[in-house]
Amino acid sequence: MKRLIVGISGASGAIYGVRLLQILRDVDSVETHLVMSQAARQTLALETHFSLREVQALADVTHDARDIAASISSGSYPTAGMVILPCSIKTLSGIVHSYTDGLLTRAADVILKERRPLVLCVRETPLHIGHLRLMTQAAEIGAVIMPPVPAFYHLPQTLDDVINQTVNRVLDQFDIPLPHDLFVRWQGA
């Protein structure tokens with residue numbers, strides 16, 4: 001069984017993290033470990049109709065963002081990696097500078113030092129040079145920078161179609177197969 005850490009930061013786009021958890025709930029080969037920042041809790045309430053309790057119930061294990069002694073805070077705890085979806089600039093900055101002031105950034109720091117996959121779905125626009133430098137630095141230390149940028153070749157009809165495409169592409173980064181793809185993959189012209 002793969003253990004995947006799912007981080008949700010306070011950036012806009014909490015629905016991406018929720019949808020990822022919804023999809024993985026039905027994948028028996030994956031155990032999810034959720035950690036949400038305090039700002040993520042606010043964003044969740046502002047942007048969705050999901051309660052904190054409902055989102056936490058989607059995860060196999062939920063960790064308090066203040067618990068720096070949690071299992072996922074140690075490299076000796078085996079995981080398949082971590083995704084932060086969405087990833088705020090504050091969280092990105094904390095990761096790049098090894099400023100592990102809570103479990104979200106501590107778990108990401110552990111993933112990097114253990115050379116496991118870390119996918120950062122940075123959600124900000126427009127970007128200034130400081131943001132771009134942070135993303136470059138994160139990539140240099142081993143993270144995958146994967147902004148949730150929609151694709152249109154699969155002809156999305158709804159917002160769910162756009163969200164599903166991003167979530168499916170994130171799962172591709174961890175080699176997590178789904179019973180069926182959430183979008184139509186490009187087959188060539």
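Cβ coordinates are placed from backbone N, Cα and C, and glycine is handled just like the others.
Under the three-state DSSP scheme, Arg123 (FMN binding site) falls in the coil class. Under the heading FMN binding site, Swiss-Prot lists Gly10, Ala11, Ser12, Ser37, Ser88, Ile89, Lys90, Thr91, Arg123, citing sequence analysis as support.
Note: Tyr153 (dimethylallyl phosphate binding site) has non-local neighbours Trp186, i.e. same-chain residues 6+ apart with C-beta under 8 A of its own C-beta. Residues or ranges marked as dimethylallyl phosphate binding site by Swiss-Prot on the basis of sequence analysis: Tyr153, Arg169.
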- What is the number of other Cβ atoms found within 10 Å of the Cβ of Arg169 (dimethylallyl phosphate binding site)? 18
- Query: C-alpha of Arg169 (dimethylallyl phosphate binding site) to C-alpha of Gly10 (FMN binding site): distance in Å?
  - Reply: 21
- Query: Per the record, FMN is bound by Gly10, Ala11, Ser12, Ser37, Ser88, Ile89, Lys90, Thr91, Arg123: how many Å separate the farthest pair of Cα atoms?
  - Reply: 15
